[in-house]
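Worksheet: the structure to be examined is printed underneath.
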Amino acid sequence: MNTLQLINKNHPLKKNQEPPHLVLAPFSDHDVYLQPEVAKQWERLVRATGLEKDIRLVDGYRTEKEQRRLWEYSLKENGLAYTKQFVALPGCSEHQIGLAIDVGLKKQEDDDLICPHFRDSAAADLFMQQMMNYGFILRYPEDKQEITGISYEPWHFRYVGLPHSQVITAQKWTLEEYHDYLAQTVRQFA
């Protein structure tokens, strides 16, 4: 599992790339699948923070077909500008490899699948304070749309593993910026 794989419109998935193995993840109202290590760290994070009654897993792994359906639905319902801001193109979504999670508050049962509510609460704040200690980063931070190509998504987290999550969070980087940093470091020592 390459937890640092960069996936976006400039770095699409390889043809037919799928996660090798998926497991049912806990703390969801429906069946959500993730790669085993991601599910394990998600569960550890939720239990360690005591948020079992406050947050839920809204989404995880999606097939390319499901991603295409979501893109087309959003396009029809919300238009192109909105869809490009909040929905990755099919073949360019981290959800397709089982390393991305969308998190929502339990009290928001009528949550939007595209933009679940996950901010302005003590539960979201606590999650944000601890996520990096379990390998997660906020994938699309505020004021970084020019870098990521996706608008601020306070509900969307990516598993990158330790210590990467701690470095990325401490530096307030995106995964794209971390990739640039790693490439520059390699060039310095090559």
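Cβ from N, Cα, C; glycine included.
Keep in mind the model is a prediction, meaning the values are calculated, not measured.
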Just to be sure I read the record right: Ala88, Ser93, His95, Asp102, Trp155, His156 are listed as binding dipeptide in Swiss-Prot. Which of Gln67, Gln130, Gln166, Gln171 is listed for the same site?
Gln67
According to DSSP, does Gln67 (dipeptide binding site) sit in a helix, a strand, or coil?
helix
Hey, what's the Cβ neighbour count for Trp155 (dipeptide binding site) at 10 Å?
24
